Amino acid sequence: MEIEIATVGGYEEVGRQMTAVRMDDEIVVFDMGLNLSQVLIHDNVQTETMHSLDLIDMGAIPDDRIMSELDGEVTAIVPTHGHLDHIGAIPKLAHRYDAPVVATPFTIELVRDQIADEDKFDVDIDLQVMNSGEQMRISDRVQMEFVNVTHSTIDAINPVLHTPEGAIVYGLDKRLDHDPVLGDPIDMKRFREIGREDDGVLCYIEDCTNANQKGRTPSESVARKELHDTMLSLEDYDGGMVATTFASHIARVSSLLEFAQEIGRKPILLGRSMEKYTGTATNLDVDLPDEIEMYGHRRAIDQSLERIMEDGKENFLPIVTGHQGEPRALLTRMGRGETNYDFNNGDKVIFSAGIIPEPTNEGNRYQSERLLKMQGARIYDDIHVSGHLSQEGHYQMLEALQPQQLIPAHQDLKGLSGYVNTANAFGYEVGRDMHLSRNGNIIQLTE
Ligand SMILES: [Zn+2]
């Protein structure tokens with residue numbers, strides 16, 4: 001079987017992920033993501049109304065024109081999880097292919113939302129749910145399997161294509177978590193089996209976001225424990241307390257909801273994305289605390305903050321958007337004094353999120369914290385663990401899969417360097433069995 005891999009997007013940056021695998025006449029596309037920072041540096045860009053080619057020129061979505069060089073038909077578009085850098089370009093690109101989007105239930109619902117928000121293209125795509133552990137026939141000789149992995153959102157999988165030449169494992173995004181708070185632990189047993197069955201693993205495409213971090217990425221249960229301890233230590237505080245985290249990080253939101261109730265505060269989720277992600281999880285019967293109050297629209301948010309001030313802010317924990325200091329997010333607006341919520345000296349703000357290392361985020365977050373501190377707030381930051389593998393996790397994945405060939409992804413060249421060193425130590429060499437690719441390349445695996 002002739003197998004080629006097109007590294008379409010996300011091979012020169014973190015963001016706008018897209019990879020296509022051609023197996024004879026059949027093509028499977030993994031991820032179609034957005035590079036949000038390329039959107040946010042422009043003022044007031046409404047991606048919903050923009051044309052794909054303009055977004056490609058901005059570097060915001062993958063340049064999929066390379067797909068015309070692959071001689072085959074796309075049979076499935078497979079986003080691995082619901083983060084925007086993996087699904088955000090689906091409304092702009094997927095309708096050009098006559099293929100269904102296949103993903104886990106939570107991811108499918110987020111794709112559905114993305115398509116509903118699209119204003120430029122008339123998108124009518126078949127959305128197919130497939131759960132982790134399940135398989136799907138791609139062609140006579142190819143099966144696709146979803147292996148359960150753990151990441152900073154729920155329902156993440158790594159898709160595996162079983163071909164006559166061996167397995168192709170698409171490893172974006174994950175960490176090795178055996179106590180993930182929500183959902184099942186990573187299925188390392190299945191990865192080890194795949195590494196040892198029949199023809200083994202022909203190629204492994206790896207998430208190198210944190211490949212320059214040494215050691216091992218801690219479990220979500222570690223962040224949960226630190227959050228619990230922090231919030232218990234503030235149990236007797238008789239004033240305002242506000243928390244923020246990634247809206248898509250359902251496990252973390254769940255911990256915040258639970259601990260707020262434990263220390264006698266009513267949690268309220270505020271902000272459009274808080275309502276969207278937690279609302280979606282609730283509709284899918286994800287195991288979350290009962291009767292969560294949440295508001296996404298500006299007027300409802302303002303009314304809720306007004307009620308919190310009237311009833312006594314010591315009785316509430318607003319869980320809000322703005323963990324990266326995004327200028328238009330609620331926490332930043334609260335910091336600027338644009339809402340009814342007033343901070344007093346000593347009020348607490350909990351950032352259960354790290355700063356995504358990028359100059360824009362770093363600047364925004366600095367400003368947001370300054371604004372909050374100027375009003376007297378005390379900042380508890382970085383109560384967080386990453387959703388991505390560090391070097392020892394990468395090494396463990398190589399031990400489990402023992403792939404014949406490697407393609408590092410999800411970083412720029414500098415970010416990939418830590419992975420190259422780790423893989424070198426395992427015995428791989430660039431140019432021999434490790435391919436350092438760029439956006440728009442095609443790698444021929446078998447002829
Ligand atoms: Zn992700």
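First residue shown is number 1, and so on along the chain.
Here the Cβ of each residue, glycine as well, is placed from N, Cα and C on the backbone.
Whatever TrEMBL says is automated annotation, not expert-curated.
Pulled from TrEMBL:
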type    : residues                               : note
BINDING : His81, His83, His151, Asp173           : Zn(2+) 1 binding site
BINDING : Asp85, His86, Asp173, His410           : Zn(2+) 2 binding site
BINDING : His384, Val385, Ser386, Gly387, His388 : substrate binding site
DOMAIN  : 15-231                                 : domain 'Metallo-beta-lactamase'
Query raised in the report: Should we count any of the binding-site residues His384, Ser386, His388, His410 as near ligand 1, judged by a CB under 6 A from one of its atoms, and which?
Result: none
Query raised in the report: Same-chain residues six or more away whose CB lies under 8 A from the CB of His151 (Zn(2+) 1 binding site)?
Result: His81, Asp173, Lys174, Arg175, Gly387, His388
Report summary line: Most Cβ neighbours within 10 Å, among the binding-site residues Asp85, Asp173, goes to Asp173
Query raised in the report: Fewest neighbouring Cβ atoms within 10 Å: which of the binding-site residues His81, His86, His384, His410?
Result: His384
Query raised in the report: Around the Zn(2+) 1 site (His81, His83, His151, Asp173), what further same-chain residues have their C-beta within 8 angstroms of the site's C-beta centre?
Result: Thr80, Gly82, His86, Ser152, Thr153, Ala156, Leu172, Lys174, Gly387
Report summary line: Long-range Cβ list for His83 (Zn(2+) 1 binding site), cut-off under 8 Å, min separation 6+ in sequence, same chain only, gives Gly33, Thr153, Asp173, Ser248
**Report entry** Candidates Val385, Ser386, Gly387: member of the binding-site residues with the richest Cβ shell (10 Å)
**Finding:** Gly387
**Report entry** Integer Å distance between the CA atoms belonging to Ser386 (substrate binding site) and His86 (Zn(2+) 2 binding site)
**Finding:** 17
Report task. For Val385 (substrate binding site), name the DSSP secondary structure in the helix/strand/coil scheme. Result -> coil
Requested in this report: Can you figure out which of His384, Val385, Ser386 (the binding-site residues) comes closest in space to Asp85 (Zn(2+) 2 binding site), comparing Cα atoms?
Outcome: Ser386
Query raised in the report: Can you tell me how far the Cα of His410 (Zn(2+) 2 binding site) sits from the Cα of His384 (substrate binding site), in Å?
Result: 21
**Report entry** Non-site residues, in chain order, whose CB comes within 8 A of the mean position of the CB atoms of His384, Val385, Ser386, Gly387, His388 at substrate
**Finding:** Ser152, Arg175, Asn210, Thr217, Ala223, Gly354
Requested in this report: Name the secondary structure element type, per DSSP in three states, that contains His83 (Zn(2+) 1 binding site).
Outcome: coil
Query raised in the report: Beyond Asp85, His86, Asp173, His410, what residues of that chain have CB atoms within 8 A of the centre of the Zn(2+) 2 site's CB atoms?
Result: Gly10, Val14, Gly15, Gln17, Asp31, Gly33, Thr80, His81, His83, Leu172, Asp207, Thr209
